[in-house]
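To start, the structure itself, in structure tokens.
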């Protein structure tokens, strides 16, 4: 047992604060992080948040003889208080210490110092990392320049850009020389000569001077040389800048794209691009580059970056007829993205997913879970953006076999999720599971042992349909982890917007003519292995329809007689399809007993005028057409033709273009009245992991 003396001795071993703020929250150590002409930055500690911060201290006597400097300091503090951006240094608080005649303000601390120090420390940096830094700096500048009136930094350089190396993020700081452009032009000549634009010397400039300084920062990042280092006096720099002579370091840049980008930043003010325009420059469009893993590289990063796909391709498999059994380089494949090894070695691999000019804060990610009586856990991940697009992803979680990181990685691999970090989703899963199971211990999601092998059939870089197609293909039948595929059910809807049109681009009616139908009371939602039919109702009410609601009593079948000669048993295949549909309906009814299917059928029978033929695709070879529901007897016309079921036989490897034509295209702007939601979803039993799944399902609306 430790006595008071022992406690005092232990406390004496701890480093003592050199200074404490008036509230007692922040304590300053004597460790100096940086020192300038009039400001010293110390290491400090936030006792409330339990994190290290930067204690900026300025001596007041340094400004007593210079009111302009004092005003500039107050300007910096005021700006830091009002600016809130992920690429601008965070400001916490400030105060004046009258007794010590100091002005103190607390900002976030950067673990890796300035960008110049960080770049000199890490000499071997791929050009894609430089692009990533450039996008972040431009994003911060765009935020400053978008104010009304605009805010210009006026002293942007690598010494005023700070880095958190463990996250690869850079932020703009040291806004002491920043000015609010209250008029059309600023009228002061301030800054660092090597980074000052020619118009600054003429004291007639606008926010584009920051773009000129940014170009010099890029030049320093790629050459490790300070701009105009060949000059020995500021006057020499002034003469070169005024005459339009570029620094010699620019001509040492061998990459033509880098050099061209820097020249755009250093152009004359009338031709210089803005931060918004530079963010759209092809040089910085790293997200449009194709990601191709190297030889045998199947690490976690393969999931973090997926190629960008057009909206029309988001719900369709991109696998071609030459689906390979592996992704080894020596195996010829037609579905793999084309990448040359020389390009990979020269440009590296893009590990930075998401658009840097679109803050992740605009995307709201929440998770909710439920634990059943038998101990099984079912989770819902909700992803919503500012445009009202909502994605609900439902999946079971096995606390004995699953880890949060492995489930998150599998989710990114199967679903079209490219804008969210795997680690962030994994942390949310860990937190929710820990709340449901107090004894749960988070662990790593990937076993980093030599015996652990990566399943080549799991790594689909295309879309959720692509992963499902690969799973159901012959190449994946022997896959050891194939039972994990299809665990996710995704429901998407629009929180607000215009009316949604459902188009059938590939189906044909009974008369053979392909027509486009606008479905106003139902919406088809694609997911991995299931079909959900949307009905009229508010977005906060959810329901799942079953295949039993689909009438499966065909009057007669039409098919090619040549199939019989090939040994194709049509009756057997139809019976199997009907059995699978009924089986799926029973499972749905058992899993979600709280759903009022009778009431739902009643609502659909009331809409007899909208009795459409639906099409669902089971497997790779057969396409059946079934009616959505049976009309009430009073609603049928005497002259109406009987429902016809058309059956078409497809080849073993269907054309991806034909598959895309059969998918319904949903307009991006959806009506709230047409939203598909899930009512009382968590009141049902948990979804078993061994639930039978169809291979792929599509819904098309055609004329009845």
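In case you wondered, yes, glycine gets a Cβ from its N, Cα and C as well.
According to Swiss-Prot, the protein has these features:
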{"type": "ACT_SITE", "residues": "174", "note": "active site, proton acceptor"}
{"type": "BINDING", "residues": "107, 108, 109, 110, 157", "note": "ATP binding site"}
{"type": "DOMAIN", "residues": "27-284", "note": "domain 'Protein kinase'"}
{"type": "REGION", "residues": "499-519", "note": "region 'Disordered'"}
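Swiss-Prot feature annotations superimposed on the structure.
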| residue | record | DSSP class |
| --- | --- | --- |
| 107 | ATP binding site | strand |
| 157 | ATP binding site | coil |
| 174 | active site, proton acceptor | coil |
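Residue 108 (ATP binding site) sits 12 Å from residue 174 (active site, proton acceptor), taking the CA atoms of both as reference points. Other C-beta atoms found within 10 angstroms of the C-beta of residue 108 (ATP binding site) number 17, with every protein chain shown included. A gap of 13 Å separates the Cα atoms of residue 110 (ATP binding site) and residue 174 (active site, proton acceptor). Rounded to a whole number, the C-alpha distance linking residue 174 (active site, proton acceptor) with residue 157 (ATP binding site) is 10 angstrom. For the ATP site listed in the record, the two most distant Cα atoms among 107, 108, 109, 110, 157 lie 19 Å apart. Mean pLDDT, taken over the domain 'Protein kinase' (27-284), works out to 87 on the 0 to 100 scale.
Close to residue 107 (ATP binding site) in the fold, though at least 6 residues off in sequence, lie 53, 54, 56, 80, 89, 90, 91, 92, 173, each with a CB less than 8 Å from its CB. Around residue 109 (ATP binding site), the same-chain residues six or more apart in sequence whose CB sits under 8 Å from its CB are 33, 43, 44, 52, 53, 54, listed in sequence order. On its own chain, residue 157 (ATP binding site) has 116, 192, 194, 195, 213, 216, 217, 220 as residues at least 6 apart in sequence with a Cβ closer than 8 Å to its own Cβ.
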